[in-house]
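Structure, as structure tokens:
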Amino acid sequence: MRIGHGYDVHRFGEGDFITLGGVRIPHKFGLVAHSDGDVLLHALSDALLGAVALGDIGKHFPDTDPTFKGADSRALLRHVMSLVRGKGYAVGNVDATIIAQAPKMAPHIQSMRERIAEDLGVELDQVNVKATTTEKLGFTGREEGIAVHAVALLVKA
């Protein structure tokens with residue numbers, strides 16, 4: 001059994017939607033990023049990579065590489081899962097916490113879970129996503145960006 005933790009942050013910038021967990025969510029801002037800015041999938045990818053001691057997404061998908069400009073984070077997550085499987089592991093479960101004052105995540109959580117489960121090749125009950133605010137404290141509370149913590153439990157395949 002292996003455990004990994006991931007954390008990622010993206011700041012808000014120009015745009016009228018964000019993508020989290022592969023779900024496009026209307027918002028008054030977009031997220032600034034080299035890829036599509038899916039901070040949830042980035043944190044989850046880091047948790048998975050960490051659990052098998054393969055570094056982080058910056059190592060595998062550097063923001064200095066134009067190949068990954070605007071990249072679909074779901075495709076990146078699927079690649080990460082192929083690396084996890086290549087090391088002889090399968091997902092036991094994953095759990096993520098989105099930290100954001102806005103937009104409201106509750107209406108989108110189920111769709112996020114479904115997409116993540118599909119990309120990981122696991123059952124829905126192996127994926128949990130939840131959201132919280134910081135009661136208007138800190139950079140997320142001031143609506144300057146979004147942060148996500150994720151953990152992954154891997155088992156021998």
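Just so you know, glycine gets a Cβ as well, placed from its N, Cα and C.
For Asp65 (4-CDP-2-C-methyl-D-erythritol 2-phosphate binding site), the count of additional Cβ atoms within 10 Å of its Cβ stands at 11 [all protein chains shown]. In the three-state DSSP scheme, Asp65 (4-CDP-2-C-methyl-D-erythritol 2-phosphate binding site) is classed as coil. The 4-CDP-2-C-methyl-D-erythritol 2-phosphate binding site annotation in Swiss-Prot covers 8-10, 34-35, 56-58, 61-65, 100-106, 132-135, Phe139, Arg142 and rests on sequence analysis.
Under a cutoff of 8 A between CB atoms, and with a sequence separation of 6+ in the same chain, the neighbours of His42 (divalent metal cation binding site) are Gly6, Asp8, His10, Ser35, Ile57, Ser73, Val148. The DSSP secondary structure for His42 (divalent metal cation binding site) is helix. Annotation comment: Swiss-Prot describes Asp8, His10, His42 as divalent metal cation binding site, evidence class sequence analysis.
Around the Cβ of His34 (site 'Transition state stabilizer'), 16 further Cβ atoms fall within 10 Å across all displayed protein chains. Among the features that Swiss-Prot reports, site 'Transition state stabilizer' is placed at His34 (among others).
According to Swiss-Prot, the feature site 'Transition state stabilizer' maps to Thr133 (among others), an assignment based on sequence analysis. Taking a C-beta cut-off of under 8 angstroms and a sequence separation of 6 or more, Thr133 (site 'Transition state stabilizer') has the following same-chain neighbours: Ile99, Ala100, Gln101, Thr140, Gly141. In the three-state DSSP classification, Thr133 (site 'Transition state stabilizer') falls within coil.
Counting only same-chain residues six or more apart in sequence, the Cβ atoms lying under 8 angstroms from the Cβ of Thr132 (4-CDP-2-C-methyl-D-erythritol 2-phosphate binding site) belong to Thr97, Ile98, Ile99. Packing around His10 (divalent metal cation binding site) is summarised by its Cβ count: 20 other Cβ atoms lie within 10 angstroms of its Cβ, all protein chains included.
Using a 10 Å Cβ-Cβ cutoff, Asp8 (4-CDP-2-C-methyl-D-erythritol 2-phosphate binding site) registers 23 neighbours. When the alpha carbons of His34 (site 'Transition state stabilizer') and Pro103 (4-CDP-2-C-methyl-D-erythritol 2-phosphate binding site) are compared, the span between them is 21 angstrom.
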